[in-house]
Amino acid sequence: MAGEQLNVLKALDQAKTQWYHFTAVVIAGMGFFTDAYDLFCISLVTRLLGRIYYTEAGSNEPGHLPANVSAAVNGVALCGTLAGQLFFGWLGDKLGRKSVYGFTLILMVLCSIASGLSFGHEAKGVIGTLCFFRFWLGFGVGGDYPLSATIMSEYANKKTRGTFIAAVFAMQGFGILFGTIVTIVVSSAFRNAFPAPPFYIDAASSIGPEADYVWRIIVMFGTIPAALTYYWRMKMPETARYTALITRNTKQATADMSRVLNKDITEEEEKVQLQVASGDTWGLFSRQFMSRHGLHLLATTSTWFLLDVAFYSQNLFQKDIFTKVGWIPPARTMSALEELYRIARAQALIALCGTVPGYWFTVAFIDIIGRFWIQLMGFAMMTIFMLAIAVPYDYLVKPGHHTGFVVLYGLTFFFANFGPNSTTFIVPAEIFPARLRSTCHGVSAAAGKAGAIIGAFGFLYASQDQKKPDKGYSAGIGMRNALFLLAGTNFLGLLFSLLVPESKGRSLEEISKENVGNDGTEA
């Protein structure tokens, strides 16, 4: 028979939505705001970095990052994120969610500042130190994924748990949008203060020494809102589920949540405390784990992996796609800061019309429609819209047809975020047992970042024109075929989503079979 839920956890599940829920969303969400800003702002400034450090004297075209350098600059933070997700996910189950939470934020803030202060004015020194610090920046960002999701899921009530976890993740959309706004403001201010001619008129003057300050300010700016939340992160008590189910201290969990909920919670009987103290101890990849959660882990890792292959390909290389469809003029007709401004403006439009609304549609409907159906719908629509771009691609990139391209491209982002980009973050925080919850979320997220690395590195090379690749690149399969490939990836994600369990409206202990006295049968 199914076991009983602890009184303190029952009180959390049945608690009315109140101020501490919103406080937790803001504290965890500002971390994600910074995560998104830090991971995606680099895609805004790579063209500028190419102009500053790789423009050759006498060349007819502005400089751009060599293939290997571009891959490193765009992908190194993702490599750090993957490592951080695995390490901090594991550490969050060993030392506690709160104990590790503050450290990840400090690491993000310090490494973000250090990235902007990369040494010297020569390409080798600047790019080398930038990549070094962005790896460790990514390492801190990686820790925020499992910890933020786990903390929010363990604090929330079961009725609106999906909404609150989705709201934390939705701050990623604002982080991406904020990055474009900061870039627009900074580039505009410097353009007005230091006017520069287009590259084809005066190559050296089109860059200007001031441009070196611009990218550094943009890279560092995202630390400010995150740093402001550090104090409140440290004030949060440890989650009741960690204290009761992992450290086995039900009295402390009851006392902590009585203060948080501002109500008296009945302490557990001594018999129940003894049952908790002698609870399950089997670990990750044990026979018991694989029997109960093996398919769940396959579902969360595979879908997150496939989603991020497509999602990061699109996000990191929007600027290249915008150039191909004529939304951004040829580089030689603009100054360095004019090009930066136009890239940021184009990405801001996509973020405002597709990315941000998608996140908040998930927040609105996740506890109505459910995780399973939103994820299935999202992958299906991403497949359809990617095919709708790829099939008539040669027509859509011709002058006069760009609006159709941008609308379809924006819709793929909308359904990524009102779909698997949100649900792949939410589900792993709900379906695994408390003592492995942060670890399993970290493993799932790391699988996603492995997909992101393939997307970031692979798409850059694969999308190269078959006859006229960019300088420094070998011929690829072309943008149109690359989009077909991403459509196929999305369709595979749809198929693997059929393995994802629905967790809407159920307690975490019911889903993971952790109720006291549970014999392993379905609750």
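Just so you know, glycine gets a Cβ as well, placed from its N, Cα and C.
Whatever TrEMBL says is automated annotation, not expert-curated.
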125-143, 315-333 - the one TrEMBL records as transmembrane segment: 125-143
The transmembrane segment (65-88) touching the transmembrane segment (405-429) per 3+ Cβ pairs under 8 Å rule: no
Leading stretch by Cβ pairs under 8 Å, where the reference is the transmembrane segment (213-232) and the options are 20-45, 125-143, 348-366, 482-500: 20-45
